[in-house]
Amino acid sequence: MAPAWLGSAQWMHDNPDSPDGGGDVPPADSAGRARGHWTDDPDDLDFGPLRRRWRSTPAAAIGLVAVGVVATLIALYTAFAGPDAGSEVPVSFPESAGVPAPMDTAPPPPSAAPPEELVVSVVGLVHRPGLVRLPPQARVADAIDKAGGAKPNADLLSLNLAQPLRDGDQVLVGFTDPAGGFQMRSAVVAVDGAGSPPAAAGTAPSGPGPAGTADGAGTVNLNTATEAELDTLPGVGPVTAAAIIAWRQAHGSFTSVDQLAEVDGIGPARLEKLKDKVTV
């Protein structure tokens, strides 16, 4: 017998000739036709239970599809959402900005090459005062020899004849008075101003009128003025004053103011300024 919970509708396809003996044949209808047997008459078919079965199937299928979609979304999220929050992500840091970049250290400029020759001024008690040209590393003695050598009474004791010279130096050869009169020491004046100008010693010979002046007119007498008095003239410094005295001792005395042009360091422009300030 069929279970009671299946109802009569479940027997619509039962076959009375089935191996189970067909003992559980559903009851026949009013026409004597057993329900559940195949018939060609559509009106005899009972689809009620079958319709109920198909009506319940779509709801279950929709639920299964929904579950599958949710599972797919979870899988996609897990695959593409990135690493877990607890996983370590390597972080690269830029190099510290506090480390200075290496700087190119410029090589020191090469030292200036020594000149091929030296030009030195030699004045005072020498035979050919003026500019002389000497080879590099020349000495004071070489400059004096190039100027014709020292004259008698030249002060060579005040000079270091072995002193090296530089381009632009000046060698001033002074004089000594055997009688103990006016004297002027020799000196080397460097191109950068180093070295002391020659110092005068003794007194100048006396002449008519005040020393260093002529007739009290306020002009300086070139033949009697001291180095200090010559230093007061416009454009004349200690070196030029010493050169004037050296020229005076070398040539005896000035006979004309124009002879100042022969003194080293006095050019035409300076001579014009001195003409009204000096006399002989």
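Cβ from N, Cα, C; glycine included.
What TrEMBL records for 1-46 (among others) is region 'Disordered'.
Residues annotated as transmembrane segment in TrEMBL: 59-80.
Annotation comment: TrEMBL describes 194-217 (among others) as region 'Disordered'.
Here TrEMBL flags 228-247 (among others) as domain 'Helix-hairpin-helix DNA-binding motif class 1'. Tertiary proximity for the domain 'Helix-hairpin-helix DNA-binding motif class 1' (228-247) is limited to same-chain residues at least six positions away from its ends with a CB under 8 Å from its CB atoms, namely 123-125, 129, 170, 172-175, 184, 187, 189, 197-198, 200, 211-212, 220, 222, 259-260, 262-266, 270, 273-274, 277-278.
Annotation source TrEMBL lists domain 'Helix-hairpin-helix DNA-binding motif class 1' at 258-277 (among others). Packing against the domain 'Helix-hairpin-helix DNA-binding motif class 1' (258-277) from elsewhere in the chain are residues 121, 123, 129-130, 170, 219-220, 222, 233-236, 239-240, 243-244, 247, 251: each is 6 or more residues past its ends and has a CB under 8 Å from a CB in it.
The helix, strand and coil residue counts that DSSP assigns across the domain 'Helix-hairpin-helix DNA-binding motif class 1' (228-247) are 13 helix, 0 strand, 7 coil.
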